[in-house]
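Record features (TrEMBL):
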type	residues	note
REGION	1-58	region 'Disordered'
COMPBIAS	11-26	compositional bias 'Low complexity'
TRANSMEM	64-94	transmembrane segment
DOMAIN	134-240	domain 'Late embryogenesis abundant protein LEA-2 subgroup'
Amino acid sequence: MSDKVFPSSEPAANGTATNPTTTTTNNPPPATTNKSHLYNPTSRLPYRPQPHTRRHRSRSGRNICCCCCFWTILTILLLLLLAAIAGAALYILYRPHRPSFTITSLRIHRLNLTTSPDSSSSHLSTLFNLTIISKNPNSHISLDYEPFTVSALSDGNDVFLGNGTLPAFSLSKKNQTSFRNVVVSGSNDLDVDAVNSLRSDLKKKKSENGSVMLKIEMDTKVKMKVGGLKTKKVGIRVTCDGIKGSIPKGKTPTVAVTAKSECKVDLRIKIWRWTF
């Protein structure tokens, strides 16, 4: 039994019908593809740069940090400028002045230095009587003082002679107060250096009629009030030097010369120290 051959349903490329009995077809030659780049090891693909996302993120982070630092520093400078302007305005408005202290009188009742026969120990006994005046020259600021600690020292060598106290008090605007009979006394043993320093001052009595230079120091804390505002307590030290006294003879006290003495007020703050 012979096989049946069916004619092709597609027309010939040149428009002529194909012979149904012909079984051979003319296939086009295969296209030659250049695959040298697949097999040649020396050939390379073209370089295509990739976007650097990490570097872009790091740069953006740095820019944010720089902006934050810039605005922080600018804000601090602006606050300092505003504080300086406010301080200058308050200074011009209220015109603050330093409080003043004056020692109008100082009496030396006792100033005895005794030494043991073998010079192994020395004892100092002192008694002073002071009159102190405190003034508040400010017209807009009130002052509240805590109790004072009053100390007497030898001027120049700072040998401690005695101490006393002054009660707490307040001074309103443009006001003053005085304290009479402020007692400063001491009874203590001195070391060799203190004795030598004090004796060098006492030996001048032959040429200066027994005079000795004294210094008075007063330490306390003060609170200032401006209208309805109150400041914190600030430590102050009042130093009055240049006081010239005479060593008493017997039980009669001597009066020291205080006309040339000067009292300075130092404000003592933890961070700053202001001198008025």
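Just so you know, glycine gets a Cβ as well, placed from its N, Cα and C.
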For the domain 'Late embryogenesis abundant protein LEA-2 subgroup' (134-240), the number of residues DSSP places in helix, strand and coil: 15 helix, 66 strand, 26 coil
Within the predicted model, mean pLDDT of the domain 'Late embryogenesis abundant protein LEA-2 subgroup' (134-240): 86
